[in-house]
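Inspection log for the structure reproduced underneath, given as structure tokens.
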Amino acid sequence: MASCDEIKEHPRSLSMCGHVGFESLPDQLVDRSIEQGFCFNILCVGETGIGKSTLINTLFNTNFEELESSHFCPCVRLRAQTYELQESNVRLKLTIVNTVGFGDQINKEDSYQPIVDYIDDQFEAYLQEEVKIKRALFNYHDSRIHVCLYFIAPTGHSLRTLDLLTMKSLDNKVNIIPLIAKADTISKSELQKFKMKLMNELVINGVQIYQFPTDDDTTSKINGAMNGHLPFAVVGSMDEIKVGNKMVKGRQYPWGIVQVENENHCDFVKLREMLICTNMEDLREQTHMRHYELYRRCKLQEMGFVDMGPENKPLSLQETYEAKRHEFYGERQRKEEQMKQMFVQRVKEKEAILKEAERELQAKFEHLKRIHQEERMKLEEKRRMLEEESVAFAKKKATCELFPNQSFLASGSSIRKDKDRKKADGASAFCDCLTAQESVRLCISSPRKDMD
């Protein structure tokens, strides 16, 4: 076993006796890459109106027709647009992600969070595709961000707190290239001081920006020199201006012309050379080998996967899976037991509550029953009294119906006697009246006789 390990660690070099043909592997790789095409994803971070879209148009010499953004966005949102470009026989699928509304809010505390979430979402999407049983990475559109062009306002003073917080949050997730936007607004001397101040602040605050690789002999010299020019001071423009006998891209001012591709005026050419011509593949590789691997490792560690066991022995995926399965099984059993105990406890508590409620209801029932019996007894007593009154009333009624006839007869005879007596009295009175009248008449007639 030891000899086998030794053979693996120290392979022997052999000379071939003739031509085989694997020398064409680089050509095969190139042909396959050309057939598949390439993808490159750029994240542009900067405040609204700082020149992000103009610079991208100038970099790729194409009008991408970006939509204008408002300065009154309530929150930061990211807008991704993908384009198919072709130069000679090389196809490039370019995705430009723009931060809409970045730095426009009054409260900028969490302005960087949507950017971080977007980058993590692209890593997560690639990871989910990678762990599938049937993977389709050949046709998968890789949306992971390969480079972040961070546009810094040309204040000439120092970095804003928002810029420091954002770059600090992104430096372990994406390759950051800081840019001083609209560099034609400050003088050359101020620009050099501003560059030194920015780099000093980035180092003090521990912000890791992308450094052009110097491990390749073919590009180490130029990359090392370009690292000293960071951050790049750039100017973007698609306007063609006539300078001498040729047309150049630039900006026309009353005091002169700023040529975009003139290295004495700005660092646009340096940025294009480093970003597109020299280090585009390194940016793609750094994204996959460094930033994505860091995200993947953290995710797997969160899931419990480790490379080494408790005794510093390497663990296979199957062993890790079995260990994690047993751990999850034990955790499930423990949680089930806790849930059972909690269920029993809650049942007991509920039973106690129900028994207490039952006792209260029984006491209330007894109380209402007692009140009902008392009311019933009162009603029975009232009914008995009413019956007695009814019997007494019936007796009185019968008595009243018997005596009224006798009293009526007695009263009738007395009435007749009174009538007879009244008639006799009337007759005697009438007689008396007649006698009186006769006497008067006689008295009157006697004087007449005397006079005669």
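A Cβ is built for glycine as well, from the same backbone N, Cα and C atoms used for every other residue.
Copied over from Swiss-Prot, here are the features:
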BINDING   46-53, G101, 182-190, G236, R251  GTP binding site
DOMAIN    36-302  domain 'Septin-type G'
MOD_RES   S414  phosphoserine
REGION    46-53  region 'G1 motif'
REGION    98-101  region 'G3 motif'
REGION    181-184  region 'G4 motif'
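Sequence features, as recorded in Swiss-Prot, placed on the structure.
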| residue | record | Cβ within 10 Å |
| --- | --- | --- |
| G46 | GTP binding site | 22 |
| G49 | GTP binding site | 13 |
| K52 | GTP binding site | 25 |
| K182 | GTP binding site | 21 |
| T185 | GTP binding site | 14 |
| K188 | GTP binding site | 11 |
| G236 | GTP binding site | 21 |
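Note: the stretches the region 'G3 motif' (98-101) and the region 'G4 motif' (181-184) are not in contact (fewer than 3 CB pairs below 8 A, sequence gap of 6 or more). In three-state terms derived from DSSP, T185 (GTP binding site) belongs to a helical segment. The list of residues near the region 'G1 motif' (46-53) in space but at least 6 beyond its ends in sequence, with Cβ under 8 angstroms from a Cβ of it, reads 64, 66, 69-71, 73, 98-104, 149-153, 181-182, 236. DSSP assigns G236 (GTP binding site) to coil, not to a helix or a strand. In the region 'G1 motif' (46-53), helix, strand and coil residues by DSSP number 2 helix, 0 strand, 6 coil.
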